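Listed in Swiss-Prot for this protein:
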- Gly66, Pro67, Glu68, Ser69, Ser70, Gly71, Lys72, Thr73: ATP binding site (BINDING)
Amino acid sequence: MAGLDREKALDNALAQIDKQFGKGSVMRLGDDTRPPVQAIPTGSIALDVALGIGGLPRGRIIEIYGPESSGKTTVALHAVANAQAAGGIAAFIDAEHALDPEYAGKLGVDTDGLLVSQPDTGEQALEIADMLVRSGALDIIVIDSVAALVPRAEIEGEMGDSHVGLQARLMSQALRKMTAALANSGTTAIFINQLREKIGVMFGSPETTTGGKALKFYASVRLDVRRIETLKDGTEAVGNRTRVKVVKNKVAPPFRTAEFDIVYGGGISREGSLIDMGVEHGIIRKSGAWYTYDGDQLGQGKENARSFLRDNPDLANEIEKKIKEKLGILPSLESDAVAPVPVDL
C-alpha cells in the first residue's frame, strides 16, 4: 500500500473510532493535551519530595502498607485533609469500622464534609467506591483496609470453610473496573493494606501484603511505612519517628525514602519535617542546639523551633516554598485548576 493510501486508510479508521467511541479515544502521543500529573500533598514535605511530584498523584491508585500502628491511616488522613483544604471532596470506606472522627478532626480533616461508609462485605465496599468514583465529584477516596474487605461468601459461610483466592479475585475485578474511572475523574484512590508472612520462605523477605497481586500491578505508587523510633519527652512517649520507602513509583524515580515525626494525637509534624529538610538543604542553619533562618533565631532545640514555626505559619510557608523551589518540586495544583481530558468509559 502506498504511503498516501496508508495515511488515508488510517485517517478513515481514526474517524470511525472517534465516531463510535468518542473524540480522544485514540490520539497521537504528541497531540496529548493532558496537563502534568497533579498531586495532593501528604502533610510531610520530606515525603512530598520523595514522591518526586510534591505529593500523591491524582487519578491514580496508591497502596500504603506496613506493620500495625506504623502510621498508614495517619498518612492517608493527612492527604484527605489537604485535598479538602484545596476545596476537594473526600470519601472514606471504613471496612475496618475503626475510624476515629475526633483524631481525624485533629489532623485537619473536615469531618462534617467527609463521606464515610462502613460496608458489610467486600463487594459492597468496592461497589460503593466504584460508584463514588464514577460520579466524577470526588478528589480522593480511602479504602481502609484491603485485609478487611471480606467476600460475601466468606461472611455467609461457616467459620471453618475454605475460600481460597476469593479476596484476590474480588480485588482484581474491582481494580480492572476502577482504573479508567479514576483517571477520567482525577480521583486519587488510597488502599491501606496490612502485612502477612509467607510460610517456609528461606531466602528474601517473608513479608507480603493481603488481597493478591492485582493491587501491586495497578498501583502507581506503593508506600512502605515503618515506625523506626519512639519520640520521648523525658520518659514519656509522645510520638514516633517514621520512615516511608517509595517501593514503586510510576510518576517519578522510585526507591526514595523519607523520615518524619508523627506526634500522638496530632499526626505528622509538618514543622518538624520543614526543620529536617531545611537543615539538610541549607535553608535553615543549625549551630549547636540553635536553629536560625535568614538571620532570625527559630529557637534552641528542635521542639522550640517546631513551636515557633507552628505559631508563625507564614514563616513556615515561606520555608516550605524555598525548599520546594530548590528541589524543583512544583506547587500542587488545586482540584479545579485543570480539568482532566474526558475519556468515554
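Count begins at 1; order follows the chain as displayed.
The backbone N, Cα and C atoms fix where each Cβ goes, and this holds for glycine too.
According to DSSP, Thr73 (ATP binding site) sits within a helical segment.
Annotated ATP site Gly66, Pro67, Glu68, Ser69, Ser70, Gly71, Lys72, Thr73; additional same-chain residues within 8 Å of its Cβ mean position, judged by their own Cβ, are Val225, Arg227. Sequence-distant contacts of Pro67 (ATP binding site), defined as residues of its own chain at least six apart whose C-beta falls under 8 angstroms from its C-beta, comprise Leu195, Arg226, Arg227. Within the same chain, residues at least 6 positions away in sequence whose Cβ sits under 8 Å from that of Ser70 (ATP binding site) are Val225, Arg226, Arg227, Asn240, Thr242.
Neighbours of Thr73 (ATP binding site), defined as other CB atoms within 10 A of its CB across all chains, total 25.
Long-range C-beta contacts of Lys72 (ATP binding site), restricted to its own chain and to partners at least six residues apart, with a cutoff below 8 Å, comprise Ile64, Tyr65, Gly66, Ser145, Ile192, Asn193, Val225.
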